[in-house]
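Student: If you scroll down you'll find the structure; I have some questions about it.
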């Protein structure tokens, strides 16, 4: 990994390569002739004025596409899109996280992005942290080019293997804690630790594990207290909910991950985010259900210490690494964990993905009538026939249609649609955004989605139909689909009827909520 400077250093960690058209003062080294020999008619054109300074990164604007070819989308988050990108000069592949400036609606949002870049540069060179190759800013977005972790998410690798042991879980956890111990020793709290944020560098069996997504991370000093509630619901520590926390909150999140690794479900569970938070504050950790009777005393002891409700009494990263269960050649047994654990782990991963897939189906499977109506609406709003709609055209168009939206809702609709942050929305973006503003659980939308999966119109979704539909989206293998059927299939007939489908779709999904700052009343 390349050298980096901590925030505040005057040197750039990743200076942009000089473009082929970069200007050099006449008379500088390598000039073809001295100023005295150049006639006025042959004098070079004056140097271009420097690029304006970007308001987010505070450095000259630069077009990331002049250096990288941006390819297919890899993922989408609250603030932007991650795409595959290729360095034009070397052909090397990276991941490019594009953060739309239109989505950065508050001063805190801008500061979060700026700090994310600073923290990633600060942690550069650490083997367990995804490397930031460069940060670029143009008029519409900030682009973070990072090393590509092509091996996928940690839990997906475990599921694909089909079996694992306490010893393997111990080894994984040791790697995760080593990474976070390094972050803490360098004055960084991650604040959003969860399985999805640990990726494998490649598909190789022994590929290194990398921590990613430092968008909520902060620098900290010893004794400093943080008060904003951030993170992903299942993994948030109780002191975060009480608005008084430090680096110990990361240990809690890893403790939740360990609990899931050992039994397949989160320790704090409810049908809503509010319910999960209350469960976290109660702090009761269940070791009575199976498979805990077959899990070693050492593993349970470490989970208890990591999930201690009092952060002052919680085990530190250093002490976790010295715990007998986690030490290399320690006491973690090599006997396979119960197959039921893997089944539950699959369900925990697959259910979230199935619901996301179904929501995408709802957004993408509009009836011809709806599409025709929305197409006409788009045309009528596009007053200058440019093929795109500005926020002003959107506002006026909605008012003409008698749609009563507040200014904030109009802005929300615009921001939801404008994925590339260029200030306008095209037809496809408009369709997606219009659906986004509707309630996704409306009866007709749910029925449309159900029909999409029910290929033979039998009134049931079978394993084969679900597999076919989800394979089209490249989401799951057959085993995961079987697990989903059994989870949703309330009457145990081996298939999903409409009532069961609706119940699944309307069930609380806390992870669908934004992970950003929350106002929580408990």
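Count begins at 1; order follows the chain as displayed.
Each Cβ is built from the backbone N, Cα and C atoms, and glycine gets one as well.
According to Swiss-Prot, the region 'Disordered' annotation covers 1-58. Marked as compositional bias 'Low complexity' by Swiss-Prot: 1-12, 19-45. As annotated by Swiss-Prot, N-myristoyl glycine applies to 2, with the evidence given as sequence analysis. Per Swiss-Prot, the feature domain 'Protein kinase' maps to 68-326; the stated evidence is sequence analysis. Under the heading active site, proton acceptor, Swiss-Prot lists 192, citing sequence analysis as support. According to Swiss-Prot, the feature region 'Autoinhibitory domain' maps to 332-362, an assignment based on similarity to another entry. Taken from Swiss-Prot, the feature domain 'EF-hand 1' covers 369-404, and the record attributes it to sequence analysis. For 382, 384, 386, 388, 393, the entry in Swiss-Prot reads Ca(2+) 1 binding site, with the evidence type sequence analysis. According to Swiss-Prot, the feature domain 'EF-hand 2' maps to 405-440, an assignment based on sequence analysis. The Ca(2+) 2 binding site feature in Swiss-Prot is assigned to 418, 420, 422, 424, 429; the stated evidence is sequence analysis. Annotation source Swiss-Prot lists domain 'EF-hand 3' at 441-476. What Swiss-Prot lists as Ca(2+) 3 binding site is 454, 456, 458, 460, 465. The domain 'EF-hand 4' annotation in Swiss-Prot covers 480-511, and the record cites sequence analysis as its basis.
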Student: Using C-alpha atoms, which one of the binding-site residues 386, 388, 393 comes nearest to residue 465 (Ca(2+) 3 binding site)?
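Tutor: Comparing Cα positions, the closest of these binding-site residues turns out to be 388.
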Student: Out of 388, 458, give me whichever of these binding-site residues has the highest number of other Cβ atoms within 10 Å.
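Tutor: Of the binding-site residues 388, 458, the highest Cβ count within 10 Å belongs to 388.
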Student: Rank aside, I only need the closest one: which of the recorded positions 192, 424, 456, 458, 460 has its C-alpha nearest to that of residue 388 (Ca(2+) 1 binding site)?
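Tutor: For residue 388 (Ca(2+) 1 binding site), the spatially nearest of the recorded positions is 424.
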Student: If the Ca(2+) 3 site is taken as the center of the Cβ atoms of 454, 456, 458, 460, 465, which further residues of that chain fall within 8 Å of it by their Cβ?
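Tutor: The surrounding set, listed in chain order, is 453, 455, 457, 459, 461, 462, 495.
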Student: Please report the DSSP secondary structure of residue 460 (Ca(2+) 3 binding site), reduced to three states.
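Tutor: In three-state terms, residue 460 (Ca(2+) 3 binding site) counts as strand.
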Student: Neighbours of the Ca(2+) 1 site 382, 384, 386, 388, 393: Cβ within 8 Å of the Cβ centroid, same chain, sequence order.
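Tutor: Other same-chain residues near the Ca(2+) 1 site: 381, 383, 385, 387, 389, 390, 424.
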Student: Would you kindly give the Cα-Cα distance separating residue 424 (Ca(2+) 2 binding site) and residue 458 (Ca(2+) 3 binding site), rounded to the nearest Å?
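Tutor: It is 43 Å, counting Cα to Cα.
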Student: Would you mind checking how many other C-beta atoms are within 10 angstroms of the C-beta on residue 454 (Ca(2+) 3 binding site)?
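Tutor: Total other Cβ atoms inside 10 Å, all chains included: 22.
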Student: Show which residues of the chain containing residue 382 (Ca(2+) 1 binding site), separated from it by at least 6 in sequence, have their CB under 8 Å from its CB.
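Tutor: Listed in sequence order, they are 388, 389, 393.
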Student: Of 386, 424, the binding-site residues given in the record, which has the fewest other CB atoms within 10 A of its CB?
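Tutor: 386, out of the binding-site residues 386, 424, has the fewest neighbouring Cβ atoms within 10 Å.
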Student: Pick from 192, 384, 393: which of these recorded positions has the biggest number of other Cβ atoms within 10 Å of its Cβ?
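Tutor: Per the Cβ count within 10 Å, the most buried is 192.
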